[in-house]
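Student: The region 'Disordered' annotation in Swiss-Prot covers 55-149, 234-272, 400-468. Swiss-Prot lists 64-82, 95-106, 417-426 with the feature compositional bias 'Low complexity'. The region 'Basic motif 1' feature in Swiss-Prot is assigned to 119-139; the stated evidence is sequence analysis. Per Swiss-Prot, compositional bias 'Basic residues' is recorded for 129-138. Here Swiss-Prot flags 145-159 as region 'Leucine-zipper 1', drawing on sequence analysis. The feature compositional bias 'Polar residues' is assigned by Swiss-Prot to 247-256. The domain 'bZIP 2' feature in Swiss-Prot is assigned to 279-333; the stated evidence is sequence analysis. The region 'Basic motif 2' annotation in Swiss-Prot covers 285-312. The region 'Leucine-zipper 2' feature in Swiss-Prot is assigned to 313-320.
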Amino acid sequence: MRFPAASVAVDSTPQLRLLQMKDSHETYSTVQLVHSPLPEKGPNSVLVDVPQQISRRKPTAEQSFVSGSDSSRSSTKSSSGSRPVMTTTADPNIVTAASTESVSSSPKWLPKKADTDDRVQRSRERNRIHARKTRQRKKEQMQSLEGRATDLKHEQIRLKQIINEKNTANILVGLFSKGQSQSPNEDPRVEALMYRSVEEIPDPSKIPELPALILPGQHASKKIKVAVPVVAASPQSMSDGGGEEVASTSDVSGDEQQVPDDGIDYDLLGKDRSKCTPEELDQIRRERNRMHAKRTRDRKRIFTEEMAEMCRILEEENHLLRVHLGGLDSDFKSESTTTSTHVVDRIDSVLSTPTLASCAPPQDMVSVSLSPSQLPSKPSTKEVAFNQLQTLLDVAGSFERQQREAERKVPQMCSISAASDTSTSDSSHHHRQRRCHKGDSDRPVKRQRYQVPRSITTTTSLAAPVGW
């Protein structure tokens, strides 16, 4: 913007000159100029740049020229751009406040501020990425610890089941040994693990959580309600010692309100919100957020430490069970080899009797003509135990069959002795019945019932007629 033509009056004071400009709105503005001695030769003219505040108020006034003589008055236009530049002719000592930048160009501090904001934004984004990765890493660590603890628990249950099966097999093998088998000295820790139930095995769900924190001044009414019934229920509440009990309960409630010294301003958090200023409320909010964040970190840290300790304990217990199981395997092999000979000897002695010779189980014999490649392989421990049990069942079955045959022979002997004492008519009748029974091979042998004779009579056979 340019000044329109205006009347100019210059003061004749040598130290100070006042330029009065009258614009189109008949308003005056004064500009104070600093006077400096001018050279004797050459034109004396100064281009004055109106300050920014004056240009904002008076957008029509921008620049003026001051001449050394009263008669020379002129105005020139600047050709340096959209904004004029204040220049001095013939006097380098005059200080000017001209600006070399145009209005359309941006200030110098704008690029620096933009770079600073961009750098801060990148830093915040980088921090968010690191925080997210840290949370994800801790979450995966906790999940891995939980899975490890669960696997160790299942492994311990499986080891205990295998040990119980081995103990049962050792008991069955020890029944046929000549002497009483002495059980090996077990580790008391292993014995305690074997008698421990599945519910008592450590589990991630049994880890205690961080206790709730009661801030000072909060839930005070609940504490009083809980403390009063305790005093009323005591038998000495109505006696002289009631006052002492009330004092003790108040002391306990005061002790319960003790908070840890962890850098959190709990006194500020315990203030009454209705009596706080907005600044204090904002400070309380920030402090509360800090407290919750810190307790969350502490809770995760405690859970991780407890899980690591639980995994370590389960690994030690499983190692003890594996060592004990290895000892049982070696003992079972040695006992099976020593007792197998005794079992075979007892079975041979039982089967050597004539009544059980026919009931002896077949034995697999190795032919001499077999080549070494055709020899049977060495049976495993389970096969040996199974063969021993099968042999025992066969022996028990042979004893049962022998007893049945003995019971069948007793009625036959009784029937023969009774038939000799009866009359001839009865004996013939019995002989016919016996023949009928012998002819019927499908029916099982049954015990015959005979009547006891009441008297013994003798009969003479009738003489045959002559010529019969």
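Placement of Cβ uses the backbone N, Cα and C atoms for every residue, glycine included.
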Student: Would you mind listing the long-range same-chain contacts of the region 'Basic motif 2' (285-312), meaning Cβ under 8 Å and 6+ residues beyond its ends?
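Tutor: Tertiary neighbours of the region 'Basic motif 2' (285-312) are 138, 141-142, 145-146, 148-149, 152, 202, 204, 207, 209-210, 213, 262-265, 268-269.
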Student: List the helix, strand and coil residue totals of the region 'Basic motif 2' (285-312) as derived from DSSP.
Tutor: 28 helix, 0 strand, 0 coil
Student: Determine how many residues of the region 'Basic motif 1' (119-139) DSSP places in helix, in strand and in coil.
Tutor: 21 helix, 0 strand, 0 coil
Student: In the region 'Leucine-zipper 1' (145-159), how many residues does DSSP call helix, how many strand, and how many coil?
Tutor: 15 helix, 0 strand, 0 coil
